[in-house]
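For reference, Swiss-Prot has these:
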TOPO_DOM  1-130  topological domain 'Cytoplasmic'
REGION    1-21  region 'Disordered'
DOMAIN    18-95  domain 'Cytochrome b5 heme-binding'
TRANSMEM  131-151  transmembrane segment
TRANSMEM  153-173  transmembrane segment
TOPO_DOM  174-264  topological domain 'Cytoplasmic'
MOTIF     180-184  motif 'Histidine box-1'
MOTIF     217-221  motif 'Histidine box-2'
TRANSMEM  265-285  transmembrane segment
TOPO_DOM  286-305  topological domain 'Lumenal'
TRANSMEM  306-326  transmembrane segment
TOPO_DOM  327-444  topological domain 'Cytoplasmic'
């Protein structure tokens, strides 16, 4: 057991030598009301401070009781600056005889991954090409302008309306990928400028909330495809995913829906409804319930601009229908792209793997091409993006060969597939999970 375990959070007066702890004790502090974590062998009590964590209390809580060094380094740009917030939370360090990593984390893989990140830094792969992002923003604004021009010049017949809807859905999808860049702090050196532009892109160009996205998306990056930690696999009993969940549902005789047909009803309620029905409602309610008035103001500016532009063409009701049709189209694009990298991979309880292994277990890539890069917002390089979330996306292909080499060295599978195959695999994965559920439901 550790020594000095009663020392409170935020203590500024410490006796020498610093209290030491064993992993056995640290791992007990993994509750919502009792959170310790380890960074660079230092032990921190983040119980109270997690409520003030800019990235949200959940993401920091997902690493309670374990080493969070690589996650800490992956998410933050200025380690010296954020390190100042950790100092008052320091309560001790690992005992000298304790390994730096806990449980299923590989020290050799971790050492090699950190060397790889240093190589990426030496290659200037975290340096931004600002012209690239300017052109991305510009082509979004051009599409927004083109949509207005089409209706102004050709009128509001069915064909101009459909063409305009597809143009605006494309603009929304591309704005979604662009806000993702700023949300990950991968454009500017200073976090503040990333945050400011992020609010503009996700708020004014899309009508969504930066804080809602941050709190949700960083959990996904911290613990991808981990039940009870990754919100992206929280399916609200609509789907059963992976192998563990369908077996659990089957054994417990849970049948909220006929999951053996989920690969069929996915087409009806997955891609069509996620954004217009679920996300749109959840985002608005989250901003109101959390009194996030800044994000709400940005979102309102989007809706004001949209209705000011399109009510003269369609009237109030028509503009509302037009908006939701655009969301409907965008939702298909968003769901297929975001699920092709993760849904087909391992989805399970937390095995407490090291950063590199955990990201590779939950992530696969899609082959590179100019279209695939544009269509997916470079999320076809999802493996590299998950390993280095602050790396500008135009550099992800440059680090990919080195990631492949590291995978080969340690016998870790690096999955990369054609775009069509990746999309088909989504349906195949749902079908497989549904069959596992049915077998367990009937026979176990």
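Note that Cβ sites are derived from N, Cα and C of the backbone, with glycine treated the same way.
Among residues of the same chain six or more beyond the motif 'Histidine box-2' (217-221), those with a C-beta under 8 A of the stretch's C-beta atoms are 55-56, 58-59, 62, 74-75, 180, 183, 229-232, 386, 389. Long-range neighbours of the topological domain 'Lumenal' (286-305) within the same chain, counting only residues 6 or more positions beyond its ends whose Cβ lies under 8 Å from a Cβ of the stretch, are 199-200, 202-212. Residue counts for the motif 'Histidine box-2' (217-221) under DSSP, split into helix (H, G, I), strand (E, B) and coil, are 5 helix, 0 strand, 0 coil. Look at the topological domain 'Cytoplasmic' (1-130): DSSP puts its residues at 48 helix, 20 strand, 62 coil.
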